[in-house]
């Protein structure tokens with residue numbers, strides 16, 4: 001494993017000297033591929049995806065294998081079951097998969113009782129005409145389609161973490177402008193004191209964004225977001241997360257939102273993202289990245305541009321994106337934290353981890 005560090009943006013050009021071979025089905029296969037890219041140093045997940053795609057499985061199937069491995073390993077405690085309890089101490093799952101050839105998307109959000117988020121998302125894509133299913137109905141669908149459940153997604157660690165938070169009067173939390181502000185509720189809306197007579201909040205009139213909660217950080221807000229280019233040059237992306245720790249029950253972040261946490265168009269490339277999903281989903285950074293590459297922008301600039309758009313409005317936000325163009329060139333950009341992402345390609349013997357500085 002090689003660790004490379006570059007300031008703010010990292011850019012890697014894969015070999016431009018590649019050959020074309022013809023597969024058993026007569027389809028041209030580029031030896032420039034396959035390629036697996038994932039947020040964070042989730043090396044075992046990348047290896048699982050690589051084994052699948054290097055074994056001639058599709059990009060979609062490789063994404064499922066990679067994200068599923070991370071769910072089983074409970075990567076950083078923020079993927080799969082057993083982590084990130086909400087205000088009620090419950091763990092729920094968000095996941096997404098997108099086929100960059102057909103533009104099909106399947107996603108689940110706030111899914112209870114089923115641990116296999118990415119496989120549930122794939123079932124939504126394969127067996128419904130919908131894009132996103134949520135809550136207990138998503139769970140019921142997944143179980144009816146053959147996934148294990150219902151299961152308790154909490155763990156001893158998540159319950160311990162939640163109990164400690166409760167003992168600390170439920171601080172910090174994601175609520176604002178409520179009373180009580182320093183205990184566990186029940187909560188009620190607080191009378192606004194910053195509203196001019198007959199007008200809007202002075203905060204909104206000034207265009208100032210509120211500071212974000214200290215709950216958002218690299219070890220309680222991670223998402224695995226993965227992009228795969230298979231041997232035929234087809235692109236797919238997928239995500240899985242158990243969301244923000246101590247979130248308000250029912251909260252859905254950017255993980256299952258196409259264009260925010262991930263996006264893929266085979267003719268242009270792919271993007272994967274992680275960070276403060278409540279902020280990032282307002283900007284659809286991965287759609288922006290892929291669209292910028294479609295218009296000719298190189299991955300390094302596309303990644304930087306998408307992050308800069310968010311930072312201008314929310315200078316305290318934490319987030320990162322990785323851009324991958326259709327030729328396998330990849331670059332990362334971040335804001336507010338040091339970010340790492342993982343890559344496996346034909347020119348490496350194992351997973352490489354790249355560090356991006358803010």
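Cβ atoms here come from the backbone N, Cα and C positions, even for glycine.
Here the structure is a predicted model, which means the values were calculated and not measured.
According to TrEMBL, the active site, nucleophile annotation covers 223. Of all the Cβ atoms in the protein chains shown, 31 others lie within 10 Å of the Cβ of residue 223 (active site, nucleophile).
What TrEMBL records for 251, 252, 253, 254, 274, 275, 276, 277 is substrate binding site. Residue density at residue 275 (substrate binding site): 30 other Cβ atoms are found within 10 A of its Cβ, drawing on all protein chains shown.
Residues or ranges marked as signal peptide by TrEMBL: 1-23.
Of all Cβ atoms in the protein chains displayed, 31 besides its own lie within 10 Å of the Cβ of residue 274 (substrate binding site). Cβ neighbours within 10 Å of residue 251 (substrate binding site), excluding its own Cβ and spanning all shown chains: 18.
There are 28 other Cβ atoms within 10 Å of the Cβ belonging to residue 277 (substrate binding site).
Looking only at the binding-site residues 254, 276, the densest Cβ neighbourhood within 10 Å occurs at 254.
Spanning the residues 251, 252, 253, 254, 274, 275, 276, 277 that the record associates with binding substrate, the maximal Cα-Cα distance equals 16 Å. The CA atom of residue 277 (substrate binding site) is located 10 Å away from the CA atom of residue 223 (active site, nucleophile). Across the fold, the C-alpha of residue 254 (substrate binding site) and the C-alpha of residue 223 (active site, nucleophile) stand 9 Å from each other.
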